[in-house]
Amino acid sequence: MTATSLDAPSVSTAPSASGFRPEIQALRALAVMAVLVFHLWPLRLTGGFVGVDVFFVISGYLITSHLLGESTRTGSIRLGRFWARRAKRLLPSSLLVLAVTALAILAFVPAGRWQQFLSEIAASTLYVQNWLLAANSVDYLAATGNIPSPVQHFWTLSVEEQFYVMMPIVMLGACLVATRTRSRTQTAILIALASVTALSFGYSLWITATAAPLSYFSTFSRAWEFGVGALVAFAPALSRGPARHVLTIVGVTAIIASVALFDAQTPFPGAMAAVPVIGTALCIWGGRRTLLERIGSIRPVAFIGAVSYAIYLWHWPLIVLVPYVTGHELTTLEKVAILIASIVVAGASTRFVEDPVRFDRRLLGGQRRPRTVALWSVIGMAVVLSLAIPPMLISSGQASAASAENERLQANAECLGAAVAVTGCDVDEELRDVLLPSAADLLTDDVNRSECWSTRGDGTLRVCPLGPTTGYDKHILAVGDSHNNTLLEAYETIAEELNWRIDVAGRIGCYWTDAELVFSTDELTAECEQWRGEVRQHIAASTDLDAVLVTNARRTPDGEVRPANGESVEQATSDGLIAAWSTLPEDVPVLGLVDNPLMSREVITCVEREGLAAADACTVPRADALPGDAMRTAVEADDNARLIDLTDIHCEPDVCRPVIGNVIVYRDPGHLTATYAATLAPFLGERLVAALD
């Protein structure tokens, strides 16, 4: 397919993308190392994820420059050849990584994870991984709660490949319009690209504020980043050295500041993404004969830049899969080894796979035979899909076959989950191998509801009533952080069986206390303070409360208490709870619910690997699972508070088990599964009744 002839670009345009560009190699090296270090040490380099945005701008610039250059040389754009070049550049390494990763999943990852992991292998092969992650509402920047697949990072390649499909078509459309209107073709292309960039940026601002997971992965909210790079290809070249140096210094400073200062709470990719994006554009516009060019000419930097694509492909599967092989979380030494291995393997795959296919005109038909390249591409993708889809279907079929057994097991409630810790009974012989929830459903075994949950960006108190709203025997307010809302099904069962009204209100990382809580951003701090203020107002306006049930996580990555006057964190937490409770009337007691034990990511992985055997193979010493208990300390110091403690159900005298009564207890290191929490209802209800008698 050939586009309409283009006008020759002006000689004053930005530096040509052809040939070796040391400054771009330096940018690539900076970007990939930022991503690599961020993925290995996310709390040390909190903004390393912006390396992806640097790559997007570079891609937009290079592709636009190449297309404009081709039009200058030949008077046309051959879409088939363009896509063939992209396929020869991208597919060999990506398909190799996907194939090796699929085999590693089958060899080392528990079968319960195959459905998720292999479906993402398939989506990555078809370059729609970004849309799959968006559909699953994945929080890419979450420090906890995620069990990412080894190919989650392929979302960026999906976005990029979709850009490579659409970009030349947009340019072709502009060419056709220019021909019909007898206007300059290059001007028409510039207007088209600028319009797409502006529309995408506006959409990104809107969607980032309203639907963060979608905005992070959406091609439409990311297209403007490529567009900015594309517009640089039209920028006039800078002939004066000082201007080039200033642009480069400002650009590099913007990128480094983003890497160092941005974090998971930074609204992204909205307006804040403009910082690294514009910074990268300035570096490219600065062009040659700058300090960045000299840095990019240093051999190690040039090497990292040259193999940056392969480093990006290989590093994440290693990070995710090595713990499945070793059986424990990555140590510092193992992280350093992965960093080095990523570079070494990337160098080898670039030399022996990527470069031969890319540059040897005899392989895959060469770029002059796009149909042959397309055929080989389809064959390669089919091979990867053949590794992923059959095991995925088998895993899905096994899950469906197990659903009937799961229903039978749930019907045997007296021998399920928490009940076993009290009764000691055994399930029926034929059900002893059934585990709830399945490993594939573990992360999503959560019943939290938006109507009783305040999340990031929302400081409003949201309360949902459970049980009868009139004619109830008691009225309880259950308030706290996410650990409070894991008990929603238990609260609902208790409310229905006891004819109680239980109002539930939860806030991410925040709970009812007068202690100063430290969050990663001022916005989260303000939202938590607003929410706590509305809790106080809600309690004051509730004239028939019989008690307030409070709970909060023992430890949290955000919302830590700030100790004062040399106090310990535990003492400061306890003091803050007592101060908040002091505002209650004397006839409204506090019911302090002791938090559940805490596990580690290593334990969750162990459960996935061992299944039912995890009840014995993955136990945690009681002392390790039950760190400082500020709730108990606060209750003991407050005459109007009563302790609700389920630790004897969660744990034995020496250990805490991650599987109890055929039920997985924890969906992540800190939160109970909804399945297990539901089995707590009779025991939690019994202790609430006793506390209020």
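Each Cβ is built from the backbone N, Cα and C atoms, and glycine gets one as well.
These features come from TrEMBL:
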| type | residues | note |
| --- | --- | --- |
| DOMAIN | 23-347 | domain 'Acyltransferase 3' |
| TRANSMEM | 49-69 | transmembrane segment |
| TRANSMEM | 90-109 | transmembrane segment |
| TRANSMEM | 163-181 | transmembrane segment |
| TRANSMEM | 188-207 | transmembrane segment |
| TRANSMEM | 219-238 | transmembrane segment |
| TRANSMEM | 245-262 | transmembrane segment |
| TRANSMEM | 268-286 | transmembrane segment |
| TRANSMEM | 298-316 | transmembrane segment |
| TRANSMEM | 336-353 | transmembrane segment |
| TRANSMEM | 373-393 | transmembrane segment |
| DOMAIN | 458-683 | domain 'SGNH' |
CB contact flag for the transmembrane segment (268-286) and the transmembrane segment (298-316), at least three pairs under 8 A: no
Two-stretch contact, the transmembrane segment (298-316) and the transmembrane segment (245-262), at least three Cβ pairs under 8 Å: no
Contacting positions for the transmembrane segment (49-69) when only residues 6+ beyond its ends and CB under 8 Å are counted: 6, 9, 13-14, 16-18, 24, 27-28, 30-35, 38, 77, 82, 140-141, 156, 159-160, 163-164, 167-168, 171, 186, 189, 193, 222, 225-230, 232-234, 255, 258-259, 262, 268-269, 273, 275-277, 280-281, 284, 308, 312
Long-range neighbours of the transmembrane segment (245-262), counting only residues six or more past its ends (CB under 8 A): 23, 27, 30, 34, 38, 45-51, 54, 238, 268, 272, 275-276, 278-283, 285-286, 290-292
PLDDT averaged over every residue in the domain 'Acyltransferase 3' (23-347): 90
